[in-house]
Amino acid sequence: MAEGLERVRISASELRGILATLAPQAGSRENMKELKEARPRKDNRRPDLEIYKPGLSRLRNKPKIKEPPGSEEFKDEIVNDRDCSAVENGTQPVKDVCKELNNQEQNGPIDPENNRGQESFPRTAGQEDRSLKIIKRTKKPDLQIYQPGRRLQTVSKESASRVEEEEVLNQVEQLRVEEDECRGNVAKEEVANKPDRAEIEKSPGGGRVGAAKGEKGKRMGKGEGVRETHDDPARGRPGSAKRYSRSDKRRNRYRTRSTSSAGSNNSAEGAGLTDNGCRRRRQDRTKERPRLKKQVSVSSTDSLDEDRIDEPDGLGPRRSSERKRHLERNWSGRGEGEQKNSAKEYRGTLRVTFDAEAMNKESPMVRSARDDMDRGKPDKGLSSGGKGSEKQESKNPKQELRGRGRGILILPAHTTLSVNSAGSPESAPLGPRLLFGSGSKGSRSWGRGGTTRRLWDPNNPDQKPALKTQTPQLHFLDTDDEVSPTSWGDSRQAQASYYKFQNSDNPYYYPRTPGPASQYPYTGYNPLQYPVGPTNGVYPGPYYPGYPTPSGQYVCSPLPTSTMSPEEVEQHMRNLQQQELHRLLRVADNQELQLSNLLSRDRISPEGLEKMAQLRAELLQLYERCILLDIEFSDNQNVDQILWKNAFYQVIEKFRQLVKDPNVENPEQIRNRLLELLDEGSDFFDSLLQKLQVTYKFKLEDYMDGLAIRSKPLRKTVKYALISAQRCMICQGDIARYREQASDTANYGKARSWYLKAQHIAPKNGRPYNQLALLAVYTRRKLDAVYYYMRSLAASNPILTAKESLMSLFEETKRKAEQMEKKQHEEFDLSPDQWRKGKKSTFRHVGDDTTRLEIWIHPSHPRSSQGTESGKDSEQENGLGSLSPSDLNKRFILSFLHAHGKLFTRIGMETFPAVAEKVLKEFQVLLQHSPSPIGSTRMLQLMTINMFAVHNSQLKDCFSEECRSVIQEQAAALGLAMFSLLVRRCTCLLKESAKAQLSSPEDQDDQDDIKVSSFVPDLKELLPSVKVWSDWMLGYPDTWNPPPTSLDLPSHVAVDVWSTLADFCNILTAVNQSEVPLYKDPDDDLTLLILEEDRLLSGFVPLLAAPQDPCYVEKTSDKVIAADCKRVTVLKYFLEALCGQEEPLLAFKGGKYVSVAPVPDTMGKEMGSQEGTRLEDEEEDVVIEDFEEDSEAEGSGGEDDIRELRAKKLALARKIAEQQRRQEKIQAVLEDHSQMRQMELEIRPLFLVPDTNGFIDHLASLARLLESRKYILVVPLIVINELDGLAKGQETDHRAGGYARVVQEKARKSIEFLEQRFESRDSCLRALTSRGNELESIAFRSEDITGQLGNNDDLILSCCLHYCKDKAKDFMPASKEEPIRLLREVVLLTDDRNLRVKALTRNVPVRDIPAFLTWAQVG
């Protein structure tokens, strides 16, 4: 198909050559057609000619319509105008077209249909004469001239695909029917609008105009012919023109206007068409427009969107009479010196002429060449044309109108350099010609028929005028315009819609501001660098301090009115804005790199400081502009944090480092610089906070209530703006903190205030709590630090580094607790050695070994173990009661943090019950003080820490309601115990309030109910904490129901939680909470009631599941009493919820509430027994070495074999005894001959490790030790396995004696005892593996001991050694004369002699069970 279409292709220059030869003889189109078809084709090719378009040339062969007789009606206008050539159907006025073009110039891009009104005016003879002097110049195929501000959009396509060609042919076939109808309308209208021949004869080029009129009428009727078809005798063109080869490429045939000849193809779309004719012409052009997109050359610099702009959607009768009159006035007035008026009429708007000389305007080389040619060729133009001064006068206005334009110009790769006076200082801008006006098709729409678009002349093929001289530099702006030069942003604003897609990687895409100003016009570094900027059309100006108006291309570009839907327009604007933001960030990255290089130096010079200040100022402007342009983009890119890190944090740290450096010459100057930087940062973030509120239309005061969950959803921009505002406040707090540190002061009140404000804006963010914890660490308030670190971990976006901070805090607390305990011991004893002489605390082992001394300390002694108090509770109570409230509060805080340190680190949990007991004792004494040393806020912090301990210790991978870890149960038990003490205190205070109300005379009438207003102050301090804990219990019922295993506490400290709650419920029912009415629904005269504890704990993850129902009260009511009324209401609901549980804990019986909660131990036994019986049959693979040896000896072979084996056993025993005696003698000799140091073992029995014989022979004694609750019984797993084997016995042993059956029965009882105790989760009973791992249950007790060395005795001894952690720095004395002291908390209970010897050699205390019971005074 391409070959067939190629046969009908013809060049525009060939047509002009033929017409130039045949015009004097005959002007008929038939002769011209014959000559064209008979002309041979030449082989020389041009690299920049347009590829032949399928479907365009085929229309040339269609039959031509005859020229209507009325085609000369407009010739009288040509005589007066000298710039306009004949039009096809002269019925359409030109003035209206021009007027509408002017209107579109001010409002946006000119539609391509409006261009045709200007395309239809050919040039006069004077201009044609000048065009003959342009000759051909040598061009490079892909030469591209750089134009500032112009960016290639997409890669040009070389040719259309076969599918596209078929689609074009289908469209051409459809055009034929429509053009037939158009021909009829054209013929009728041309007859009706025939111009006066008398006026045509007055024009020197009248004959040519008529010929051109007829020819163009024929070709436009077809819609696609060769546009450059007419000849002019005055041009002197030779008869033969150059034919181009197959590979030649041509430019677009849809030209806007031509200056070459009256017969140019620019007259193809005349303004003289009737309304029907113009409408049909526009429809035809619209259907042909897709072919333009395929005429893209690789060497072209045109954007693909230039063709897209030429595709108008609605091409109806849009040329009003007003537009035609406006166009006629502007064009006809050019000959009478109205150029200046036209320039004034169109000033302030981007004006571009799309002639070749105007398109080359922005290139310095092109402009210089054009000015040289303008100076050297006016005479030649006159002599060649043979015209007089009248033509020269007509030519000058034409040049003035065409020579100037404003805007960003895009030159094709091989655009002709014009010889017109584009560079003339008196040339005025062409009024009707806008960016999308006459010639909006860009460089691709220019053909090769006009002299101003060609670098060569067929008459002078060897002459290259465009390359003779060097051109002067082009100016971007109009110098003759009477308005101020257009700024970079304005030019981009008028041009922006021309580039719909900005995805190219062309580095020339970003414009440069003409003149000496920089591309980024920052005002520099000064204290007040944020003045109010102008308005840009999308975002108001006051929010852009110190910035130029944003580029029109990005934020305020006029878009094509008919080519994009509103959604596409929005997306288009979004894409452009995203590109601007990315550009800003790229510039900021470059500035930050320079700033980092400056900061990396060891010393910074004064010039470096000034450069640093300038870079920081630019960074602040760039980052602030990004935040104010698109807050969502800024949040996704972390612009807020990058701003703080790059512009402030690294500079502050550098200055702080320099201030601390002793080698710095002038530290005071650096300190002053640091303070100035901090002051500047404070001003900047204050300003940014205000701009955020104004830009995104919100007020910070409306969101400072501290609510994490709001009833109405926030707007997306407000949500992101609040997050940015919170970060600004955190930065303000950091700046205030740095200022205090730089000034060597510790008043962090201002920083704390900023952090609290930030916390109120977004309570779910963990960063403000982390910063508040830092301040607490600086001021040595450890409870506040632990509280805020836990809040930062229990946030929706936690700060994970707080975990390490908590670990270090708890380690420090542990050291302080140990020091406090040691101090208490020293106060109790007169000297460190006095405690050794007490009869209860000293047990001296007497034996032959004089170098070994064991010091046994009874648990009742004050130094018995870590965390335990004296056995005399009354003395201890008296000791706590004698302390002042402040000292008692300090001691309680230390014990409380020590207990939670064990829960958090899970280290040292064996002493947790003792520490918890101490905490509860001190807390109980604290609550008795009035007023309470613990305020409302401090009490809320204590409850919050208890909630976090339960929340943090829950199983992460278990979602079953019944699964709770041991740590979680212990944490819940501690929290519930403190809650019960708190409730018990509230019950007492309520009774006091009732008595006070009865005694008051004004309340005699209402004696049954307790008024909320009569609450004592201490009760008002405690009610918020009780309410918060009840909220947590309602949100997480699985953590306390069924009730956790209670701690082993003394009777004076242990409190039944549920009985206490029942008593509290009974007294609470007498409280009248309706003293202030509460409402659920909002109203005009109501206000929302927010409790202080709810606001303080908002965003705390453990409380997010708690019910949060809004409550409203009257505006005139007392808010304090209303808050207490709400608390009482919530507590009543909570107590009723306890009665409504699936397994109720409270019940209403006999007119009062009672506790029906099950006993935790009993419930644990039931659950554990079921688990134990289920797994009992699985423990069949127990290996017991000693039992197998004894059973084989007793049950296999005859009596002779037994006697033989016993004899061997006795012989081996004698040998072992002899060896032991020998070793003892050797040891004695060695000890006598060596200077041996005495060893002291300080034994504080806490962990008791019995062996298998202990359970068989002394099970009752072990039970008594366990019931004493003073020791922890540790059972090695190998002992349990041995007991299992003994309890099951040997199935093949039918001759077992009575002793074996007795052993089997005792072993069975021992197993039952252990299972029962483990199932009840006895805190004083544990199982231990051979590797030292503690087990809370023995449901799974199989252990692989294949890799262990030694027998079962060695495994039992290894369990004891697990609790012997000797460190040389702890037991080695400073002098050689002092004995070595070892601390032991474990005691091995066994009667086995071999095991006792092994224990002694490893310095493990060992006793038999009866002796230990006697010493411990148990039973």
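Just so you know, glycine gets a Cβ as well, placed from its N, Cα and C.
Cβ contacts within 10 Å of D1251 (Mn(2+) binding site), excluding its own Cβ and spanning all protein chains shown: 24. According to DSSP, D1251 (Mn(2+) binding site) is assigned to coil rather than to any helix or strand. Annotation source Swiss-Prot lists Mn(2+) binding site at D1251, D1353, D1392, citing a curator's inference.
Under the heading coiled coil, Swiss-Prot lists 163-193 (among others).
Marked as coiled coil by Swiss-Prot on the basis of sequence analysis: 567-625 (among others).
Summarising the annotation, Swiss-Prot assigns coiled coil to 1197-1239 (among others). Taking the coiled coil (1197-1239) as a whole, pLDDT averages 80 in the prediction.
As annotated by Swiss-Prot, compositional bias 'Basic and acidic residues' applies to 30-51 (among others).
Per Swiss-Prot, compositional bias 'Basic and acidic residues' is recorded for 64-79 (among others).
For 182-202 (among others), the entry in Swiss-Prot reads compositional bias 'Basic and acidic residues'.
Taken from Swiss-Prot, the feature compositional bias 'Basic and acidic residues' covers 213-235 (among others).
According to Swiss-Prot, the compositional bias 'Low complexity' annotation covers 257-272 (among others).
Residues annotated as compositional bias 'Basic residues' in Swiss-Prot: 279-294.
According to Swiss-Prot, the compositional bias 'Acidic residues' annotation covers 303-313.
Annotation source Swiss-Prot lists compositional bias 'Basic and acidic residues' at 328-348 (among others).
The compositional bias 'Basic and acidic residues' annotation in Swiss-Prot covers 368-380 (among others).
Annotation source Swiss-Prot lists compositional bias 'Basic and acidic residues' at 388-403 (among others).
Under the heading compositional bias 'Low complexity', Swiss-Prot lists 437-446 (among others).
Annotated omega-N-methylarginine per Swiss-Prot: R406 (among others), in sequence order.
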Completion exercise
For D1353 (Mn(2+) binding site), the three-state DSSP class is helix
Exercise for the section: For the recorded Mn(2+) site formed by D1251, D1353, D1392, name the remaining residues of the chain with Cβ within 8 Å of the site's Cβ center, in chain order. Expected result: T1252, N1253, N1352, I1356, T1390, N1394, L1395, R1396
Practice task
Using Cβ-Cβ distances, find the residues under 8 Å from D1353 (Mn(2+) binding site) that belong to the same chain and are at least 6 apart in sequence, listing them in sequence order.
Solution key: D1251, D1392, N1394, L1395, K1398
Practice task
Inside 10 Å of the Cβ of D1392 (Mn(2+) binding site), count up the other Cβ atoms and send me the figure.
Solution key: 18
